[in-house]
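Quick notes on the structure that follows.
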Amino acid sequence: MLVLVGVLAALVAAGYLWLARPRPQPAAPAATASLTEPRPTLSAGPAAAASSPVVVHVLGKVKHPGVVTLPSGSRVAEAVKAAGGVRPGVKTGTLNLARPLVDGEQIPVGIRAPSPPPPPPGGATPTAPGAPGAPLDLNAATPDQLDDLPGVGPVLAQRIVAYRTQHGGFRSVEQLQDVSGIGAHRFADLKTMVRV
């Protein structure tokens with residue numbers, strides 16, 4: 001009888017060890033297969049791009065327009081949030097907040113996209129005044145058009161119009177710096193978007 005109890009105990013112990021043994025993970029075959037496939041180097045592959053930050057310029061009707069640095073894979077919504085969020089009353093209906101960011105891009109919020117730099121002399125013909133992308137004429141712009149410029153809200157737009165009225169118009173773009181609320185930094189953002 002003692003032998004029978006010993007054999008039974010040995011079988012129970014063997015069964016317990018069998019059930020408690022480590023089992024192979026299902027991912028092991030996939031890992032083995034990936035070892036045989038050629039892999040790109042880290043410096044040229046998507047992993048390198050995924051680890052580098054994304055730097056974008058958020059401009060327009062946000063609380064703190066400027067350059068923001070975000071982790072790779074960030075979305076437009078995160079860039080807008082990093083710039084302090086949109087100003088009250090600004091609609092973002094045409095802005096795709098879910099779009100992934102591209103390093104070096106501009107994100108215009110609540111405004112028309114800024115115009116590209118002027119063509120070199122002798123280049124293409126200039127854009128007609130008032131056309132999308134054309135510089136805004138400081139002497140003819142309405143307060144609403146001025147309000148669409150990055151960093152210019154309704155109050156600053158009224159100050160620009162008041163300055164224009166008091167001084168008989170702008171004679172140069174540089175005179176925009178004489179308007180209260182337009183410092184060197186804001187002027188640097190605006191000077192390519194306006195003309196006289």
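Yeah, the Cβs are placed from backbone N, Cα and C, and that goes for glycine too.
Now, the feature entries from TrEMBL:
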REGION    109-149  region 'Disordered'
COMPBIAS  114-123  compositional bias 'Pro residues'
COMPBIAS  124-135  compositional bias 'Low complexity'
DOMAIN    144-163  domain 'Helix-hairpin-helix DNA-binding motif class 1'
DOMAIN    174-193  domain 'Helix-hairpin-helix DNA-binding motif class 1'
Confidence summary (mean pLDDT) of the domain 'Helix-hairpin-helix DNA-binding motif class 1' (174-193):
90
Within the domain 'Helix-hairpin-helix DNA-binding motif class 1' (144-163), residues counted as helix, strand or coil by DSSP:
14 helix, 0 strand, 6 coil
